[in-house]
C-alpha cells in the first residue's frame, strides 16, 4: 500500500501523539525543549486529524471511511484501525480542546510542573482517547480505555494534597472495577460470537444462523458494556466520581477530561449500539412484576434506548440540581457536566428507541452537535476557571466577586461559555439544544420534552448564579489583587471565537455531524470497509 | 469437569474480591480490586472454552507422544496476558496511592478518611 493514502492517515494522529509523548518523557531535564516539542506535537496532531476529516469524510471525492490493518494482518485476525465519519467528528472535537488546553498549559504551568510528568501524561491521555476513537477491535478498545485512564488517574492525584490523593483512590478503585466488568463483557461476547473485531461482530450478529451462534446472551452483555461506558461518560447512577475527580485535577486537564474522555463513553455507546448491535435480532421483553412489560422489541437497541432514557433523565436532574447548590466553580461545572451528558444521552436514547431511519439519524446528529457544544463550552469554562484560580488563588464563590470589572476579557469568555451551555443563538449551543428538542418533539414523547425544558431551566439557574456571584457584585480582596495573564486571555478568546464561529457558520458543522451520524448507522459500509466479504465466508470459520 | 471447577473458581474469586472490597481497611480494598481483576481474567480464559486437541492445533506435541490433551483457546490467553499486565500495573499504583493516603491522613480506615467534599 503506497504511503500517503487515506489508509496511512488513519494511524497518523496516534503515531504523532505517541512520539510526542515519548520525546517529552525523554526531555525531562530540558523544560523549554519539552514545552516546544509538546506544542509542535499538538500542532501535528491537529493537522493529522484535520487531514483525516478532510480526505476521509469531507472532501468531494472522499471515501467516507478508511481502514488501517495494523502490521498488515487482515481483519478479523489483526487489529484494525477505522476512521469513519463518527471517529473523525469525535477526533476533531478532541483536537480542538486538546490543542487549546495544551497552549494554555504550556504558557501557564510553573517551572516545577514543566519538569514533572505533566506533558508526557497529557499526550498519553490524548493517545488513549485517540486510540479509543479509531480502533475497530473490542479488546483493543479496552486497552485504549486503560491508557486513557492511567494518565487521568495521575492527573487526579497530580497536586498531591490530602483530598487529591483521596479522590484519586476512589477514582482508581471505581475504574479498576469497571475494567473487570468490561472484561466480563468482552469475554462473554467472544464466547457468544467467536470474534472481537467490531465489523466481524456486526456481521455475525446480523446473521447468527449462518455462523452457528446463539445471540441470546447479547442483551445482557451489552448491559454490562453499557454500564462501563456510562461510568466513563458520567451518567447517573455512575456519576458519583465526577465531582471529586474534576475538582482535584488541574483545571486545564479537567477541560480535556470533560471535553474528550467523557465523549469516549458517548462514542463507545454510539458505536456499539448502532454499528455493532443494531443488526442483531434478539427478542427483548423486560417485564416488571406488577407493572407488566416495560421494554419490548426485536433488537438490543430497544433495551439500550430504555436504559439510556432513565439514565439521561436522572443525569439531567441530578446534574442540574447539584450544580445549583455548589459552592466552588469547579463543583458547579462538574455537576453541570453530569447534566449536560444527560442532554447528550436523551437523543441517543431516542435514536435507539425509534424505528424510523430519518428520526434515528436526526437524533444522532443532535447528540453529536450537542456533544461538540459541550466540549467547546465546558472546555472554555474550565479553562476560565483555571485562569481565575491562578489569578486569584481561589475558586470558591464566597471569595469571588466583581471579576467582570477586574478583567473584562475573562468575563466575556466566561459569559459566552455560559450562554453556549444555556443555548442562546447564535452560539454553538443554540443548535445543539434546537436539534435535541427537535428530535424529542418528532419522537412525540411529552415527558421527555418536559424534562428537557426543566433541565434547561436548571442550566439557566446555575449559570446565572455563578455569574452573579463571581463576576458581578462587590470586588473581593482576592479579586482586587488579581492580574490575568494575557496569553491565557488570548487562548480563552480564541476558544470563544470558535464557539461563535460554529454557531454562525453552522452549515458545514451540521454536514459533518450528518456524515458522522450516517457513518454510525451504516453497518454494511463499515463491515465492507474493514473486512470485505468473502463469497464463501458464511459458514463460521472458527480460529 | 474442568468447566465446573473453573466456574467454581470464578465464583469464589468474585465473592472473595467483593467481600474484601467492602472492608474498611484500604489495603484490603486494594486486595479486593486485585482479586476481582484476577477473577475477570480466569473468566476470560474460561470463555475461550476447551476443545479436543489434535496435532494440527498443537504442533509441538507431534512426535512427542500419542495423545493430545484438551486445549484452551490461544486467543483468550493473549488477551489475558494483556489484562494481567494492566491489572498488575494498576494494583501497584493503587498500593502506592494507599500509602500516600496513609501519609496524608495517618489512617487507612475508610470510614475515617473524611467526607468526599
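Here the Cβ of each residue, glycine as well, is placed from N, Cα and C on the backbone.
Just so you know, TrEMBL annotations never went through curation; they're auto-generated.
Source: prediction; values computed, not measured.
Taken from TrEMBL, the feature transmembrane segment applies to A:6-28 (among others).
Per TrEMBL, the feature transmembrane segment maps to A:35-57 (among others).
Using a Cβ-Cβ cut-off under 8 Å and counting only residues 6 or more beyond its ends in the same chain, the transmembrane segment (A:77-104) has close neighbours at 6, 9-11, 13-14, 38-39, 42-43, 45-46, 49-50, 52-53, 56-57, 64-71, 122, 126, 129-130, 133-137, 140, 197-199, 252-253, 255-256, 259-260, 263, 267, 270-271, 368, 371-372, 375-376, 379, 383, 386, 487-488, 491, 494-495, 498, 512-513, 515-520, 522, 525-526, 529-531, 543. Taken from TrEMBL, the feature transmembrane segment applies to A:77-104 (among others).
Residues or ranges marked as transmembrane segment in TrEMBL: A:116-135 (among others).
Annotated domain 'NADH:quinone oxidoreductase/Mrp antiporter transmembrane' per TrEMBL: A:136-459, in sequence order.
Per TrEMBL, transmembrane segment is recorded for A:141-161 (among others). Counting only same-chain residues 6+ beyond the ends of the transmembrane segment (A:141-161), those with a CB under 8 A from a CB of the stretch are 117-118, 121-122, 124-125, 127-132, 135, 167-168, 171-172, 175, 179, 182-183, 186, 232, 245, 248-250, 253, 257, 261, 264, 268.
Under the heading transmembrane segment, TrEMBL lists A:218-243 (among others). Through the fold, the transmembrane segment (A:218-243) approaches residues 145, 170-171, 174-175, 178, 181-182, 184-185, 188-189, 192, 205, 261-266, 268-269, 272-273, 277, 280, 282, 284, 300, 303-304, 307-308, 311-312, 314-315, 318-319, 322, 331, 334-335, 337-338, 341-342, 344-345 of its own chain, all at least 6 residues removed from its boundaries and within a Cβ separation under 8 Å.
TrEMBL lists A:264-282 (among others) with the feature transmembrane segment. Proximity of distant same-chain residues to the transmembrane segment (A:264-282), defined by a Cβ-Cβ separation under 8 Å and at least 6 residues beyond the stretch ends, is recorded for 86-87, 90, 129, 132-133, 141, 145, 148, 198, 201-202, 205-206, 208, 215-216, 218-219, 222, 225-226, 229-235, 298-301, 304, 308, 341, 344-345, 348, 351-352, 364, 367, 371, 520-521, 523, 526.
Annotated transmembrane segment per TrEMBL: A:302-325 (among others), in sequence order. Counting only same-chain residues 6+ beyond the ends of the transmembrane segment (A:302-325), those with a CB under 8 A from a CB of the stretch are 219, 222-223, 226, 230, 234-237, 239, 243, 269, 273, 277, 284, 286, 294-296, 331-333, 335-343, 345-346, 348-353, 448, 451-452, 454-455, 458-459, 461-462, 465.
Annotation comment: TrEMBL describes A:332-352 (among others) as transmembrane segment.
For the transmembrane segment (A:364-388), the residues of the chain that approach it from at least six positions outside its boundaries are 86, 89, 93-94, 96-97, 100-101, 104, 108, 250-252, 254-256, 258-260, 263, 266, 270, 274, 329-330, 333, 336-337, 340-341, 343-345, 347-348, 351, 395, 400, 403, 410, 413-414, 416-418, 420-421, 427-429, 431-433, 435-436, 438-439, 470, 482, 484-485, 488-489, 491-492, 495-496, 498-499, 502, 509-510, 513-514, 516-517, 520-521, judged by C-beta separation under 8 angstroms. TrEMBL lists A:364-388 (among others) with the feature transmembrane segment.
The transmembrane segment annotation in TrEMBL covers A:409-431 (among others).
Residues or ranges marked as transmembrane segment by TrEMBL: A:443-462 (among others).
Counting Cβ pairs closer than 8 Å and at least 6 residues apart in sequence, the transmembrane segment (A:332-352) and the transmembrane segment (A:35-57) reach fewer than three and form no contact. Ranked by the number of CB pairs under 8 Å to the transmembrane segment (A:6-28), the listed stretches A:35-57, A:116-135, A:409-431 are led by A:35-57. Listed by sequence, the residues of this chain that lie at least six past the ends of the transmembrane segment (A:409-431) yet keep a Cβ under 8 A from its Cβ atoms are 336, 340, 369, 372-374, 376-378, 380-381, 383-384, 387-388, 391, 403, 456, 459-460, 463, 466-467, 471, 484, 489, 492-493, 495-496, 499-500, 502-504, 506, 509-510. Same-chain residues lying 6+ beyond the ends of the transmembrane segment (A:35-57) with a Cβ under 8 Å from its Cβ atoms: 6, 9-10, 12-13, 16-17, 19-21, 23-24, 27, 63-66, 83-85, 87-89, 91-92, 94-95, 98-99, 102-103, 106, 114, 119, 122-123, 126, 130, 512, 515-516, 519.
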